[in-house]
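K.L.:
Following this message is one structure expressed as structure tokens.
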């Protein structure tokens, strides 16, 4: 049992260590934080989105809203006027008040370091493991770089770190036997639930920390249930308390963030076209907001057709032709997610140009659609579609509405019958080609540069294609009375569900842009290639500290070996009826095991993802990997120390820790220009940085 003076000494050491960590964090994170004074990497996206929030302009993005809203609030509070365009990386800020947004993101990124120290302490109750694991993050130049700009990553990693600290703090309180409905326990559980909601509300990869917390919570409940000195009712109370604070509360908070998002962004913007007509009717300035149109469709009307695929666009055409060797060299037909005059079509009977009087369009009618701007008819024939060869090509054909029999389509209202009127917005219908017996559809595949990267439209012989549903959105016709679109407007929960469907589809469909540096999951742990944040005279390059990253990789292997050895030891001890006693090293191994689980949850799923991936996706896993290295370093040194005499063991232990810390700090000194900025010629063979290009794939 430790005496009071030893406890007092340990507390002083803890506060000194924590103070030094906080001081080092402040110095490294805020040094040159406002340099360079131009747009760096994805600041062009998230700065622009902050401007849209301040101006209340609706936009589409693949991520949930909280991170962007926080950036916008920080900009608004520090005088940013939302007028800077954020057009491309390298653009000078030239007086724009970007400082508040960058300092805000840097502050959250800096707080990750002390939170990691606190998490390691809750996991291990070891100052040495806490200091070593935290130093690996503190002195990693890649982690420093990622957390100093107007990006979602520092916000995501901050809330994720709060969740990690919260879940192990709750575990500690459970082990202390704290009553499940005590104020202290509930306060920490609400903190944890809030952190989970915030993490998920920044990026969907926050789901991985939710899974981690779920596994850790199941383990806690299992331990409570396994304590035979306590009644089963205690486990049930813990279960009820955590269900409320870690499931219901985060869902409510997550929904609330989306309510704020949809309430603030109430003005029409360039993202409208990704959403349904009912969604758009809520946006001020949109053609559907407070607008009116005929209730039904009549021949001679000018209309736009919106596809019902999630995130589907408008039926669109333009003067450009399909290129040689891509089916018939006729006018391109696509879907386009932005509103445009080239989305407008004129609906006509199949056998004449005009009708006398007002004749409504009904399900079962044979029709022609003539592109208003070019006079070409919507047309299909037995040529292969450009991106989906088993479908037929759809083109624009004819002159001034005069074409051939392949321009004839049958309109069939979904869940209706022949003779039903086609209603504006409400009616969902398919267009069946009269001769080829295929349905007009969008495949969701992006066309190459010759198709302006719009989405492919084709004719599918499978008449049950779920993506072949369309509705009339704009309906311009003077011969019928008009009704308000207000009755079509979606409610909050409809918009919430649609927002998620569009975001998830957008996320899954992300493809690399021309010239963009992407990466594969196998490259990340080995620090194979970095990424330029700034490529001008002030060059910033995102790359991990190789000493730290390669040590982390080695310790992942070491963990496997230690885990196997200890499993065999425990199994043999149980077989001989003398289970191993609880010890400090077993607590360290438990912490290492959970660190490995966290690393695996935040890394392995990326191997199954079909979307475009980038180097920065590995950094959540890096936190767990660094924690694992810190814990195993102490475990190995303690194991070596146990085989030596007391004096020699202490000397070896402290010498090894000193050499390790010195190496970490010196490697940070060498590679710090990657984060703080490199100047001079990029290809200078005599520069200090050139000698640090240990791999040819490093491009700095």
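Cβ atoms are placed via backbone N, Cα and C, with glycine included.
What TrEMBL records for this protein is below:
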type	residues	note
TRANSMEM	12-31	transmembrane segment
TRANSMEM	103-121	transmembrane segment
TRANSMEM	127-144	transmembrane segment
TRANSMEM	188-218	transmembrane segment
TRANSMEM	239-260	transmembrane segment
DOMAIN	294-350	domain 'MIR'
DOMAIN	358-414	domain 'MIR'
DOMAIN	419-475	domain 'MIR'
TRANSMEM	547-568	transmembrane segment
TRANSMEM	588-606	transmembrane segment
TRANSMEM	618-640	transmembrane segment
TRANSMEM	652-671	transmembrane segment
K.L.:
Mean pLDDT for the domain 'MIR' (419-475), rounded to an integer?
P.N.:
91
K.L.:
With Cβ distances under 8 Å as the criterion, find the stretch in 127-144, 188-218, 239-260, 547-568 that has the most pairs with the transmembrane segment (588-606).
P.N.:
188-218
K.L.:
Tally Cβ pairs under 8 Å between the transmembrane segment (652-671) and each listed stretch (127-144, 188-218, 618-640), then give the stretch with the top tally.
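P.N.:
By Cβ pairs under 8 Å, 127-144 leads among 127-144, 188-218, 618-640.
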K.L.:
DSSP-wise, what's the residue breakdown of the domain 'MIR' (294-350) into helix, strand and coil?
P.N.:
3 helix, 28 strand, 26 coil
K.L.:
For the transmembrane segment (103-121) and the transmembrane segment (618-640), check the count of CB pairs under 8 Å (sequence separation 6 or more) and say whether it reaches 3 or more.
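P.N.:
They do touch: at least three Cβ pairs between the two stretches lie under 8 Å.
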K.L.:
The transmembrane segment (127-144): which same-chain residues, six or more beyond its ends, come within Cβ distance under 8 Å?
P.N.:
10, 13-14, 17, 21, 24-25, 28-29, 112-114, 116-117, 120-121, 527, 530, 542-545, 548-549, 551-552, 588, 591, 619, 622-623, 626-631, 633-634, 657, 660-661, 664-665, 667-668, 671-672, 674-675
